[in-house]
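Taken straight from Swiss-Prot:
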type	residues	note
BINDING	T14, R18, T268, G311, G412, N416	ADP binding site
BINDING	T14, R84, E85, Y136, D246	sn-glycerol 3-phosphate binding site
BINDING	T14, T15, S16, T268, G311, Q315, G412	ATP binding site
BINDING	R84, E85, Y136, D246, Q247	glycerol binding site
Amino acid sequence: MTEKKYIVALDQGTTSSRAVVMDHDANIISVSQREFEQIYPKPGWVEHDPMEIWATQSSTLVEVLAKADISSDQIAAIGITNQRETTIVWEKETGKPIYNAIVWQCRRTAEICEHLKRDGLEDYIRSNTGLVIDPYFSGTKVKWILDHVEGSRERARRGELLFGTVDTWLIWKMTQGRVHVTDYTNASRTMLFNIHTLGWDDKMLEVLDIPREMLPEVRRSSEVYGQTNIGGKGGTRIPISGIAGDQQAALFGQLCVKEGMAKNTYGTGCFMLMNTGEKAVKSENGLLTTIACGPTGEVNYALEGAVFMAGASIQWLRDEMKLINDAYDSEYFATKVQNTNGVYVVPAFTGLGAPYWDPYARGAIFGLTRGVNANHIIRATLESIAYQTRDVLEAMQADSGIRLHALRVDGGAVANNFLMQFQSDILGTRVERPEVREVTALGAAYLAGLAVGFWQNLDELQEKAVIEREFRPGIETTERNYRYAGWKKAVKRAMAWEKHDE
């Protein structure tokens, strides 16, 4: 029998599908990535084609093995991590989606959310699901699809339609429709799941009129869910044995499995999570209470703050504003000036996430004077990512009562040394950048490997968490507070912009 030497992590993100092969020492052997189309039918609406998600993800799996020149029978297990909240409804018989995937960033369900608020459900939802009422989460998206695709609610009741987040969709496709599951971390993002009883919440299903028949079974983040054939029928059968939403996977990949440990991921958005152990801390400061993974993939809780626009604001500088040619340019131009010349950019293109939760905020640039040039705006856009992170960290420390001593960071933007240094400056906290940047994939690989005994426990993995560089604060407290006060003022003015004046 061939020795099982590798784990594959599938990392299905918002803009691309990736596959990563890792060996027993958690070294990355090969990576394959394919981008797919972002669909914007109306302002504020965002969709993906679920078949394209599947096509890009399945082709990266084949590609990554070919690139590494390894055969599928050397793979011990597959772990899956995914963009969370994105919602897919498909036909059980044919496997065909009845509508495009409604993406986490999509704001089309703002009105449904207003109704939930008017019906006085905020406290119930916060207490039982850990979430705030916002279009971000899957529940209102499922309702929207069932409301708008004729006959779909009746079909769902008859058991003809299935709902899933992206992890569920991928596993369903990989197992030829044999397995309809999700894990606790993804379920905790739907607004349909009770994070205390660890079951689907009857009241939420009733309120949103979502038939229970269409929901997946919820399982631990580290166990064998089913097998997939690589290379079609008769190919090698490989266990799929790890699932976690991207942010929880990154938390696990950073080995933040003890209470009080935190990480910030700088991707399309920014996501900060702090592990709170076995205690679900209810936030009084606009954060989410969510499910994370303990040392063996069991249920832990975490506080989470989501910033919607991080890397996406750099893409805006590149694609819409044409101020830079690629993301790497942003650091070069930002360091061409000493400061932002009084400019603040509030990148609230799709509203504001934690701790404000204002779907009606819109992007704005404040403090423009005649001397402001493109470099100042580029620098201010980068700084906005760090300011938003501080907003979240302040809320997190207030809720948890824990003063953070170091923030572990990951995601594409951490390669930007200017941003990481400014992040440390504005937080007044050490920022630790790990050597392995692929921590989301790492988390999925760890969860999958632990389930099949590829690794015995997390102690084996501790020495792999090498910090490549540590950034320390380099500005005075008064300067830090002065700059942050300017940011708060700018945010205040960008809020409620889209609300029509009565």
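Backbone N, Cα and C define each Cβ position, glycine as well.
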From binding-site residues E85, D246, Q247, Q315, the one whose Cα lies nearest R18 (ADP binding site): D246
Of T14, T15, Q247, G311, G412, i.e. the binding-site residues, those within 10 Å of R84 (sn-glycerol 3-phosphate binding site) when Cα atoms are compared: T14, Q247
Rounded distance in angstrom between the Cα atoms of G311 (ADP binding site) and D246 (sn-glycerol 3-phosphate binding site): 15
Closest of T14, S16, Q315, N416 to Q247 (glycerol binding site), Cα positions, binding-site residues only: T14
Cα proximity to Y136 (sn-glycerol 3-phosphate binding site), best match among binding-site residues T15, S16, T268, Q315, N416: T268
G412 (ADP binding site) and Q315 (ATP binding site), Cα-Cα, nearest whole angstrom: 12
Cβ-based neighbourhood (8 Å from the centroid) of the ATP site, residues T14, T15, S16, T268, G311, Q315, G412 excluded: G13, G267, A312
Site diameter for sn-glycerol 3-phosphate, Å, by largest Cα distance between T14, R84, E85, Y136, D246: 15
